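Chemist: As annotated by Swiss-Prot, region 'Head' applies to 1-82. The phosphoserine annotation in Swiss-Prot covers S14, S22, S27, S35, S40, S57, S67, S75. Positions annotated as region 'Coil 1A' by Swiss-Prot: 83-118. Annotation source Swiss-Prot lists region 'Linker 1' at 119-136. What Swiss-Prot records for 137-228 is region 'Coil 1B'. Annotation comment: Swiss-Prot describes 229-251 as region 'Linker 12'. Annotation comment: Swiss-Prot describes 247-393 as region 'Necessary for interaction with PNN'. Residues or ranges marked as region 'Coil 2' by Swiss-Prot: 252-390. Summarising the annotation, Swiss-Prot assigns site 'Stutter' to A270, T330. The region 'Rod-like helical tail' annotation in Swiss-Prot covers 391-403. Positions annotated as phosphotyrosine by Swiss-Prot: Y394.
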Amino acid sequence: MTSYSYRQTSAMSSFGGTGGGSVRIGSGGVFRAPSIHGGSGGRGVSVSSTRFVTSSSGSYGGVRGGSFSGTLAVSDGLLSGNEKITMQNLNDRLASYLDKVRALEQANGELEVKIRDWYQKQGPGPSRDYNHYFKTIEDLRDKILGATIDNSKIVLQIDNARLAADDFRTKFETEHALRLSVEADINGLRRVLDELTLARTDLEMQIESLKEELAYLKKNHEEEITALRSQVGGQVSVEVDSTPGVDLAKILSEMRSQYEIMAEKNRKDAEATYLARIEELNTQVAVHSEQIQISKTEVTDLRRTLQGLEIELQSQLSMKAALEGTLAETEARYGVQLSQIQSVISGFEAQLSDVRADIERQNQEYKQLMDIKSRLEQEIATYRSLLEGQEAHYNNLPTPKAI
């Protein structure tokens with residue numbers, strides 16, 4: 001390696017990285033060093049050059065590590081301090097940019113590998129096949145729909161049973177009121193029957209009294225007739241010669257016939273009245289007895305119907321309680337299953353959202369990295385073109401002799 005030395009100024013520059021291996025470069029000659037002022041990406045670059053002679057040794061590092069070092073022996077009059085610092089800063093920036101590019105490329109590769117692995121793991125496969133979940137969810141939805149329909153039918157049946165029970169209760173209350181009314185009528189008829197019985201007894205007593213009175217009248221009549229006959233017989237014997245006699249037998253016969261006619265008439269009237277009252281009472285008793293029998297039959301039928309309805313109501317209430325318990329158990333079981341499935345779906349959706357957000361973030365980072373890479377490539381190309389142009393220019397210069 002050739003070495004050139006000058007009196008006063010020397011410079012050291014290095015490109016550092018994070019990679020392993022290095023390339024040693026040795027060169028000598030007179031150079032006009034470029035001084036580059038500009039921003040990232042090579043925009044607004046201005047170049048100035050100064051003649052200098054270098055004695056350098058260096059190494060270019062890879063992505064992970066390494067260094068580029070050089071020793072410059074520069075003429076005091078050929079390279080100013082500002083341009084030397086600018087060149088050193090440019091070398092440092094180039095090295096850091098190269099390190100960043102390679103590190104970002106490697107990180108990008110690792111990220112792509114991770115994304116590919118994640119997609120392979122999260123991709124459709126036997127462990128990530130959600131078709132059976134969809135089928136289970138569809139079956140559960142069908143079962144829930146069926147249970148809802150059955151529940152609606154049961155609720156409708158319960159409402160119908162409740163309406164029927166209310167109807168039967170209304171009928172029972174009506175029939176009960178009718179029964180009470182019939183029983184009240186029966187009690188009234190019994191009182192009427194008792195009154196009629198008392199009236200019949202009274203009439204019988206009146207008839208007996210009339211018969212006794214008639215017998216008494218007959219006896220008195222006979223006694224009066226006997227007394228009159230005895231009186232008339234004495235008068236006839238006394239007055240037989242004075243005046244014509246009165247036909248007392250005829251008078252008595254007429255009186256007797258009149259009394260007999262009156263007694264027979266009274267007897268017939270009393271008997272007719274008694275028979276009419278008895279016939280009327282018998283008719284009323286027969287009618288009321290028939291009504292009582294019909295009412296008793298209706299009450300028996302209603303009691304039997306009420307017992308049947310109460311039994312049916314109890315069975316309907318028992319079936320309602322059993323169906324409500326079954327419905328609550330079914331809703332609880334399917335609610336737990338549905339909540340579990342919803343939790344699984346929510347977990348998958350959260351994972352999918354995280355993956356999408358991660359992919360979006362990685363895309364943004366990748367775009368930023370590609371933008372930085374493109375700008376770095378532009379700066380590297382600009383720097384390389386400048387170095388190649390200056391190197392070609394300096395190679396054409398005469399080589400100074402070593403001192």
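The chain as shown is numbered from 1 upward.
Placed from the backbone N, Cα and C atoms, the Cβ positions cover glycine too.
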Chemist: Could you state the CA-to-CA distance between T330 (site 'Stutter') and A270 (site 'Stutter') to the nearest Å?
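Modeler: One finds 87 Å between the Cα atoms of these residues.
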Chemist: Helix, strand, coil residue numbers for the region 'Coil 1A' (83-118) per DSSP?
Modeler: 36 helix, 0 strand, 0 coil
Chemist: Would you count the other CB atoms within 10 A of the CB of A270 (site 'Stutter'), including those on all shown protein chains?
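Modeler: 15, counting other Cβ atoms within 10 Å of A270 (site 'Stutter').
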Chemist: Under DSSP, the region 'Coil 2' (252-390) has how many residues in helix, strand and coil?
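Modeler: Here the numbers are 139 helix, 0 strand, 0 coil.
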Chemist: Which residue counts does DSSP give the region 'Coil 1B' (137-228) for helix, strand and coil?
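Modeler: Counts, helix then strand then coil: 92 helix, 0 strand, 0 coil.
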Chemist: Given the model, what does the mean pLDDT over the region 'Linker 12' (229-251) come out as?
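Modeler: When the pLDDT values over the region 'Linker 12' (229-251) are averaged, the result is 60.
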